[in-house]
Amino acid sequence: MDTNTKRKLIADVRKLSNGVYPSRPVYQHGHFCVRAFHLILSYPGYSLLLCFLIYLQMMDLKLYFKIRSRESLDFTTTKTSTNQTSSIHIFDPLPVKKIMVEPIIHYVRSPLAEQVETTLHFTYYFPFISANAISYFHCFLSLISVKFLASESLFRRRLGVCIFQFRTFLDCVDGVVFRAHSHNKRYKSYYGDFGYYVDVVSDILGGTCLIIGCLLYFYKQRPFRSIPARTNGYTSSSASDGGSEETDMMILNLEDEQSSPRIQPSPPPSTNNETTSQTLETKQTIFITLASFSLRYSLAAMFWDRDVHAYEDLLDSPAETPQQKALQLSILHSPLTILIFYLWRYLCALSIQDYLQFAIFIDRTWEFITKTKTIWWIWLISTVVLTELHIDQIRSLFLGLSSS
């Protein structure tokens, strides 16, 4: 390709970017709401996602009124016979753990897991399969998902997300199977039981495998990082100029790309008119970023489990006196308690897992991890401090009531 031909191609591309040739569709020039409406109509996946989010918010709104009207738990009806078929109730009973669990588990996975038992009679046809056996199996699925999550293929990473989602569903099934075998319908954590520690280890392994899969993928396909670039006094007239300069470099280097195939995708080289340039993130930066994310994830899991245990002892334990029962209900119905419960629903480790898997599915993993780290630390630390102060205040109220 001679110089005149290259110049002609560059001129044609610049005409396209300057609007001489057919420009962008009309809806792209409209308001954000117009563009969003076009995406919802054009892509069914966006419509389904929007409907799912609306469903979660409507159920959370209903949950608020259910909490405000909840009475003390009836501990005399937690036992059920083997011949009694249990129906699925999302809001009845409503213990503290169910209130603080993430919305997708509360409204989707747990009802489906209970449906496996009530409709398919899983424990009746497979009595030899224990809850711990199911936990061991979804630990195996967690290890399998690492291979797919670390793949350079987006399709294989999405397949890894589906495997991990099935693993999370089995995490709900093992609780249903445990309650069916023990003939106990109460939704709570049985601290000190062997199954509790098996479930904790399986959850830790699942989160570890998810983060390791992301780490291995970033080591294979390192993300780009924007850095400031020097200028020589020239300024670009519009955002399209930068795009045309990138296209110029792509056209001018066309023959080189044909002679030597590109192995690692690289950003366009910076020119004098550009104010920023891009370079690959170092492996050290990637490791530190994932380590910081792992720390947020671990703290969220640790404090969520600790606070659920504390609130269960304070608000779901049998009341010894009518005054203690009235105090429990007053604290449970208070707006501050409900606010803390809702914060943990969206900040717990299981919610973080779903956020990360959604980012992997849409191929925005690095953007999600880096752009949410600051706000996530602020919300997590604020929620932890607020919860600890609230629990200490509740304990002091019960201590004062018992001493009076």
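Placed from the backbone N, Cα and C atoms, the Cβ positions cover glycine too.
TrEMBL entries are annotated by machine, without manual review.
These features come from TrEMBL:
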REGION    257-278  region 'Disordered'
TRANSMEM  32-56  transmembrane segment
TRANSMEM  124-150  transmembrane segment
TRANSMEM  194-219  transmembrane segment
TRANSMEM  374-391  transmembrane segment
Long-range environment of the transmembrane segment (374-391) - Cβ separation under 8 angstroms, sequence gap at least 6: 296, 299-300, 303, 307, 310-311, 314, 336-337, 340, 343-344, 347
Proximity verdict for the transmembrane segment (124-150) and the transmembrane segment (32-56), three or more C-beta pairs under 8 Å: no
Long-range environment of the transmembrane segment (194-219) - Cβ separation under 8 angstroms, sequence gap at least 6: 131-132, 135-136, 138-139, 142-143, 145-152, 157, 160, 164, 167-168, 171, 174-175, 178, 281, 283, 286-287, 290, 293-294, 297-298, 301, 305, 349, 353, 356-357, 360, 365-366, 369
